[in-house]
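S.K.: According to TrEMBL, the protein has these features:
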COMPBIAS  1-11  compositional bias 'Gly residues'
REGION    1-33  region 'Disordered'
COMPBIAS  48-58  compositional bias 'Basic residues'
REGION    48-71  region 'Disordered'
TRANSMEM  87-104  transmembrane segment
TRANSMEM  124-142  transmembrane segment
TRANSMEM  149-170  transmembrane segment
TRANSMEM  176-198  transmembrane segment
TRANSMEM  231-254  transmembrane segment
């Protein structure tokens, strides 16, 4: 059989026959023929980059303001002319604020409950017991391998003394409105004083160091350890006769927000000079 010839006299082979028949259905550009179930017509169209919404720019969270400075320990000589007076004033105000809550007689913080309970069974004053309890808590740092700082010893020495001075200056009041005012002033001053002495960045007090040491040793969260310590201290003080009341609850709820609001204003930030 003689092969067909084109218009130019050239011989066309199998390629000419395929060209005359046209492309095989389902085969375009060498693609493999697939069933309708593999074409993905039922799937939603994949969104390409051009349809994606524009990514938000800028800082997430509050639009204004900057995050508070860190409260880690700073060397003693760093800004000592400002930090030392700030530490001493903050600790004195802290002790005085505790005295206000004691005079209100509506409930105090867990550690003050413990000191009140011990005061009922010992001849020591409230402030002296605050100092002795702080020293005892500091002794618990030894197995936890915590290192005390200048701020730790200042906390032990000043808070108890300031509490005794406050109890001497503020008389006991029987009127409920005056007691409510004393409790409110004591809680607000307590939160403010925490921000002042913590912002000096001289290291933790004995009770805070116990909390951080147990957190590092046990692997528990800071919140869990602190809650466990305060519940234990509160229960012990209550069993000894300490004052537990509405002031204890208000202290736990309000002191944290007051301190958090005040810390950015009092946290010391080192000024690094550039050459």
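Including glycine, each Cβ sits where the backbone N, Cα and C put it.
Burial and contacts for the listed features, if you can.
M.R.: Within its own chain, the transmembrane segment (87-104) is flanked in space by residues 112, 116, 126-127, 130, 151, 154-155, 158-167, 169-173, 179-180, 182-183, 185-187, 189-190, 192-200, 202, 243, 247, 251, 266, which lie at least six positions past its ends and keep a Cβ under 8 Å from the stretch.
Counting only same-chain residues 6+ beyond the ends of the transmembrane segment (124-142), those with a CB under 8 A from a CB of the stretch are 95, 98, 102, 111-112, 114-116, 118, 148, 152, 155-157, 159-165, 167, 205-207, 209-210, 213.
Listed by sequence, the residues of this chain that lie at least six past the ends of the transmembrane segment (176-198) yet keep a Cβ under 8 A from its Cβ atoms are 71, 86-87, 89-91, 93-94, 96-101, 103-107, 109, 151, 155, 170, 247, 250-251, 254-263, 265-267.
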S.K.: Six or more residues out from either end of the transmembrane segment (149-170), which same-chain residues have a Cβ under 8 Å from its Cβ atoms?
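M.R.: For the transmembrane segment (149-170), the list is 73, 76, 87-88, 91-100, 102-103, 125-132, 134-135, 138, 182, 197, 200, 202-206, 209.
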